[in-house]
């Protein structure tokens, strides 16, 4: 500043300091705005993915409850109808791991779109099926490619931090569960119309097409590059599957020299991944997959004769039992919203939460088996809805934490295959247990849950945030 023709030298540093402070404030404000904008975009991406999960189960649950009735109307005997129903589970058993691994290699977007479109084709063919052969043929595309939820969960594990993953997956399960609750209501209404099943199947096809369009217009730029668009690097995928560091580096280097064969690389990657799958199954994660199998079978045994057991034990009509099942499904969907406070209480330790939820599940299965009144049944069913929903989310998160999220599609696919094995074994065990007593299946389920708790207690090396197993560290 100039005073009487002379420059005040003391004011110069002050002016410079004020200018620097303003620049710093503008820079800080710009960074804060960018962070807020990024958070909004990430939130929008997650909401879109939640909508995909909702539409997927909404469409499926419109049709699935009507399948057994429709296949019998086509002239199938009860035995043939049972075989047709089992064919879907068998296809899922073998395709879950393959499709999950494929999504790691080619990228989430491509695999998600392919699964949705092929599933849509299956339900379109289902609506056009006029005999048992066409009905079975229509179930093949869905049996192979109906892995929308698995790939979506793998995508969630790609784009959210590890500590937020259980909460986000819980919210995704809640959105999907709401679709599963609303779908049968709409399907039941539509089936009352003329040619109701065919109309329901066609609407399910349209829902899947809408879902594919939603995935196509996803804000993919908000997802992590390299995990959703371009697939995972060769190195990360094979580290997960147990190959040594040097071998992987050599494979990555040689791959660059074979650029002319790039088109064939995805299928080569899938084959290599499947050959090394035994390293995953017989690694330090064996106990996690075994616990998943045992707990899945325990819950399946509980539901296997639920309607029949309540009718024989308490004289409850199937209609009332249906209301109780819907009530439990709604609570299971709501349980996902309670994961946030529970995880904070457990300091994001998924293993401890899984252990305690499994203990609660085992206790409630035993309570249901010995329940003297319907009040005890309602209480056990209410709490089981929460414990099983939390347990499913925790076991998925523990798989990704211990195995590493680099090949989350493969890990989730293997988990789904393990669950499919349970779907095959559980009905057989249920039939044998029912020969003893109507309370036999849930009692056997409690015993299996107790074995799972014992395995978890012996293997406490896994914990959320500290899961540095051999698969992840190599």
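Including glycine, each Cβ sits where the backbone N, Cα and C put it.
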(request) Have a look at 265-284, 285-304, 365-384, 385-404 and point to the one annotated transmembrane segment in TrEMBL. (result) 285-304
(request) Have a look at 21-42, 153-174, 175-196, 197-218 and point to the one annotated transmembrane segment in TrEMBL. (result) 197-218
(request) Kindly point out the range from 79-100, 233-254 that TrEMBL annotates with transmembrane segment. (result) 79-100
(request) Compute the average pLDDT of the predicted model within the domain 'Major facilitator superfamily (MFS) profile' (45-464). (result) 80
